[in-house]
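**Q** Not my notes, these are from TrEMBL:
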DOMAIN    5-222  domain 'Glycoside hydrolase family 9'
ACT_SITE  His148  active site
ACT_SITE  Asp200  active site
ACT_SITE  Glu209  active site
Amino acid sequence: MGGTGWQMTEFSWDVKYPGVQTLVAKFLLQGKAGAHAPVFEKYLQKSEYFMCSCLGKGSHNVQKTPGGLIYRQRWNNLQFVTSASFLATVYSDYLVSSGRNLRCDSGNVPSSELLSFAKSQVDYILGDNPRATSYMVGYGNNFPQRIHHRGSSIVSIKANPSFVSCFGGYNTWFSSKRSNTNQLTGAIVGGPDAYDDFADERKNYEQTEPATYNNAPLLGVLARLSGGHGGYNQLLP
């Protein structure tokens, strides 16, 4: 399945290798690999390659903005951030549960650094960044007001039940400069560019479009961070 050969620095909606490699590493750390242990060890090595690259302690590290955010591409970059942060929290608990450190090119790294990394990315998303902008709609005092989302940009049927045609939705509402009339609270948008810059414009779909694969991993990260630094035994049967 490519898990022993592909060294990845991306975990996204269409690149799943790091997730598979991390799951296989769990079997190995649980002592369930059996005769497959030599192969599973290769999966674990590739999983740790991903973790180390996120921390900036590997042989090929991910790019980050001046403000410290993982950056891979302009179009919907935050999908890579929330997904990587999710894997980091999971693997941090794997390490704690097995009494191991992360093995990077720079040396052994304590599991706590993975958790701290994930927290730093979430803090950035929620407003601790050079623009002091929250990229979660409805959170904080400064968040995107003109997101690229048809249901959010068109007036709510509860406020105005009159029919809106497809043409009318585009011509009247999408093209408007006003803030979204039907706020999509909790949505994570695409986020800033490589220089921490962001243009809050509805037509700027690369930065203002929300996606389920932005939000879904973040729920896991927030759930884990709410538990503090004590660690959870993720290697139980």
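Cβ from N, Cα, C; glycine included.
Describe the structural context of each listed feature in the structure shown, including burial, neighbouring residues and relevant distances.
**A** Taking a C-beta cut-off of under 8 Å and a sequence gap of six or more, His148 (active site) has these contacts in its own chain: Val189, Arg202, Lys203, Asn204, Tyr205, Thr208, Glu209, Pro210.
Cβ neighbours of Asp200 (active site) (same chain, under 8 Å, six or more residues apart in sequence): Pro144, Gln145, Arg146, Thr208.
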**Q** Could you please provide the mean pLDDT value for the domain 'Glycoside hydrolase family 9' (5-222)?
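**A** Summing pLDDT over the domain 'Glycoside hydrolase family 9' (5-222) and dividing by its length gives 95.
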